[in-house]
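Inspection log for the structure reproduced underneath, given as structure tokens.
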Amino acid sequence: MNAPHSAPAPAPAAASGPARRAPVPRALRGCLHLLVALLLALTAVRALTDASSTRADSWLVVLAAATTGGLYALGPLAGSRGGSAAAILWWPAAVTAAWLVLLACAQDGVWMAFPLFFLQLHLLAPRYALPAVAATTAAAVAGFGWHTHTLSVGTVVGPVLGAAVAVAFVFGYRALHHESEQRQRLIEELTATRGELAAAERAAGVSAERERLAREIHDTLAQGLSSIQLLLRAAERALPADPGAAAGHVQHARVTAVQNLTEARRFVHELSPPDLEGSSLTAALERLCVRADATGEPAVGFSTSGTPLPLATAAEAAVLRIAQSALGNALRHADARQVRMTLSWMPDPDRPEVVLDVVDDGRGFLPDALPRPGTSPDGGGFGVAAMRARARASGGDLVVESAPGAGTAVAATLPALGTRPTTPGRAPGGEGPGGQGSGDQTSGSQVSGSQVSGAPASGDRGPAEQQGAHRAGRGQRRRAEQARRVRRERREPQEGETSDG
């Protein structure tokens, strides 16, 4: 039987072309070759030892058996030497013709019908193989009946049963091979899909890391370089009249450069911000305001409110980065006389929070008119988006209130430790995507528990629902009060306020 490695792959099946053959294991091919050799040898030996046959008839049978065996042996030989598809198709036809001569010479030639079934079923397309098997079966029955001069049930059943076994075996093997190929393709597709999924996850991770590094660089190195520029500009202005003050500005610029270098080194090791190392968040923010106030203009003040609450390291880093970015924006763009930073701790039993407010009396702007990050010619527009992303990544939110000529107020609210987790990107308290900004910017009035989310009056609800509504209303009132305080600090004159910076 032709093996895949011993015959070239056939061309696409034409009207008379071969079928797409399933590869046959070498052991099965060897068994078929051995069966053909044994049957032909047995036929020749029986012809030579048959006393009822003449010597000429016996040698005629031997010659027919040798011819059939020789033609059968040419098939694998032609396939191993790259025989054409046409030659492979003519091979079973030639072997079948030689077998018919052998069957005409000897009754024992009927035995060769069984291996011929496998040969035809393997090499021919099903629409040609089945008729060929049927014709071979009929020839075997007719030849055996011609030699015995009778046609019994056994004479018919033997070849028919052999043909049925061969057909069932070959088609069953093809079905198993087809199923195996399908499974192999499925495994390959799953492997490719897993590879694509892994590549997509890597790409998403790279994108997220790039965004994170962009925020880090914007909130640290960019802000530090901006401070250095302001300090050197102040030193340049003070140099003719007050060299001592100019030297002080230069010294502050040098300190800021050293701190920026430390920040850059920290990026490599992915550690917490160096300003927080060995000190509290309050102290880090106070130092930030002191350094900014050293530039001379605007005046920068810092104050705290409430008892400090424990914060996660990521939340502390987020507050510090937001403070750096908001303060840097005020120093560069606001053209303000005063900037006020306030850190407020709100020890609510249900949701303790920390609120960072950065308010200036500068020229203000329209928050809705900010350019999208990366679309501004000067590279601006990234700061507010980065601050809001930082706040939401820690479970909080950020609100920016401003108007032309009315200054700017930035309020960031982050949960303290012990707070029930919220979905990132939503404002604390579940007020919706706009969070405290959407609710507080539109109304400063207090909202009672029965007014939250259109809930029914407390008298129509059970104790658990009343308690939940009371908590939601209290969170709403607290945020409304915070928004009013931020707006009031922005509008009130700040010259008389006490500054720790």
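Heads up, the Cβ atoms here are built off N, Cα and C, so glycines get one too.
TrEMBL labels come from automatic prediction, so no person has curated them.
What TrEMBL lists as region 'Disordered' is 1-20 (among others).
According to TrEMBL, the feature transmembrane segment maps to 27-48 (among others). Under 8 Å from some Cβ of the transmembrane segment (27-48) lie the Cβ atoms of residues 1-3, 57-58, 61-62, 65-66, 68-69, 72, 76, 102, 105-106, 108-109, 111-112, 114-115, 118-119, all in the same chain and six or more residues away from its ends.
Taken from TrEMBL, the feature transmembrane segment covers 60-78 (among others).
TrEMBL lists 90-116 (among others) with the feature transmembrane segment.
The transmembrane segment annotation in TrEMBL covers 128-147 (among others). Tertiary neighbourhood of the transmembrane segment (128-147): same-chain residues 16, 19, 92, 96, 100, 103-104, 106-107, 109-110, 113, 116-117, 120-121, 155-156, 158-160, 162-163, 166-167, selected by CB-CB distance under 8 Å and a gap of 6+ residues from either end.
When Cβ-Cβ distances below 8 Å are used as the criterion, the transmembrane segment (153-176) is approached by residues 22, 110, 113-114, 117-118, 121-122, 126, 130, 133-134, 136-137, 140-141, 144-145 of the same chain, each at least six residues removed from its ends. The transmembrane segment feature in TrEMBL is assigned to 153-176 (among others).
Residue counts for the domain 'Histidine kinase' (319-418) under DSSP, helix first, then strand, then coil, are 31 helix, 31 strand, 38 coil. Residues or ranges marked as domain 'Histidine kinase' by TrEMBL: 319-418.
Residues or ranges marked as region 'Disordered' by TrEMBL: 412-501 (among others).
The compositional bias 'Gly residues' annotation in TrEMBL covers 427-438.
The compositional bias 'Low complexity' annotation in TrEMBL covers 439-455.
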